[in-house]
Amino acid sequence: MEVTADNQSPSSSDVDVTPRGASSAVLRALQLIQYDDSDSKLQAAKEIRRLTKTSQRCRRLLAEAVIPLVSMLRVGSPQSHHESALLALLNLAVKDERNKMSIVEAGALDHVIRFLQSENINLQESATAALLTLSASISNKPIIGTSGAIPLLVNILKHGTTQAKVDAVMALSNLSTYTDNLTVIIETDPVPSVVTLLKSSKRSSKMAEKCCSVIESMVGFDEGRTALAAEDGGILAVVEVLENGTRQAREHAVGALLTICESDRCKYRELILKEGVIPGLLELTVQGTQKSQTKAQTLLRLLRETPYPRSEFQPDTLENIVCNIISQIDGDEQSSKAKKMLAEMVQVSMEQSLRHLQQRALICDNQILPIKNLGTLYLAARRAHTVLSILCIYSLSWHDNLYLGGKGISRSVEV
C-alpha cells in the first residue's frame, strides 16, 4: 500500500531514506537479477526489496529490474520466487508512477490475479497489497478494471484475512474513481461486505474512510442503495462516520446519504432520520469541508421538506426547529434570535431523548437487552449532548457567550 493521492503503504516513509552504500548495492542487485541461476535471482529480489523499502532514489535506479522480477512470477518459477519478486515489485511501485505503469505493461497483472486465488495466505495478501498500490495509478485503473481483478477483490472482502480485506477495500476505493469501473464493481454486490467491514472498524480510521468512499460510489446505483438499506445497521454505520470520521470520511458519508435521499425521498427519508442524523449534519455545516457543508445543508433541507402533507397543528419537533435554524442562519437575522432557536432545539432534543429512554426502560424491564438495542439507547442519550455541543459551536462562531438558565458559560471548543 502507499500514499499517493489515494493511499499509504505501512512499509514506506514520507521521508526518502537511502541505505548507506546503496549505489554499489544497486549495481550488484541489477547484475544478480540478470543471472540465470535461481539462487542469484532470489537473492537479487530480496536485496531490491530491502533497497526500495524507504528510498525513492533506489526505486528510480532499480526501475530496469521490473521485467526480470515479473519473469520470476511465472507459473514455472519456484514458489519461493513468487512472494519475494512480488514484494520487490510492490516496493518499486510505491510513490513511483512510472514504475507502476511499467509493472503492469510488463505483464505482472495476470500473475497478481492468479495469486489472488492462491491458497497461500501470504501470497494472497501480497497480491492484494500489490493491486492496491498499482490501482493508485490513473493509467492503471481502466486496465485493472477490465482484467477480472474486481470480483476477486470483492471475494477477498468476504473471505480474506483482516489485512487482505483492508487492502481490498482500499483498492476498490481507488478503482471506483474511474467511472467505467463502477458498473463492474456494482455487479459484484460489494455493499454487504463493505458494510460489514465498516461496522467492525473504528469510525475515525482510514479504513472507515475508504469504506464510505466505496459506499458513496455504490449508492449512485439503485442496487447499491437497496443493498445498504437492507443491511442491518448499514445506514447507522454511515451516520456514525458522518459524526466521528475523518474530514474526508465525513464528506463521503454525507455524500452517500444525500445521494440516497435525492434518489427517492419518500423511500429513504425516514430511514435516514430515524438513525439520528440531524445533530451530525448540523455540526458538519460548521466544521466540515466546503463540500461537506454544502451537502449537509442540502440534505437538511431534503429531510425537512416531507413529501407527505403535514397538519397545521403539528407541534414543533426537533426536525422543524432544525429546519428553521438552517433557513435563518444564512440570512441577516440577529445572532440572538438564532441562539434562541437553537436553545429551543436543545430543550426539545433533551425532552425527546429522555422520553425515549424512559419508554425503552419500561419495555426492557426485567429483560436482557440485545447489544444492538444498547446501541440505539446510546444514540438517543447522546443526541442531547451532541446538540448542546453544536449550540456551543454556533455561539462561538458568532463570537459571543452562551447563556443557559441565566448563567453565562464561556468556553473554548476545538473546531
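Each Cβ is built from the backbone N, Cα and C atoms, and glycine gets one as well.
A quick note: this is a predicted structure, and the numbers were derived from the prediction, not measured.
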The annotated region 'Disordered' range in TrEMBL, which must be one of 1-20, 301-320: 1-20
PLDDT averaged over the residues of the repeat 'ARM' (107-149): 97
For the repeat 'ARM' (148-188), distant same-chain residues with Cβ under 8 A (at least six beyond the ends): 1, 6-7, 109, 112-113, 116-117, 121, 124-125, 128-129, 131-132, 135-136, 138, 141-142, 194, 197, 206-207, 210-211, 213-214, 217-218, 220-221, 223-224
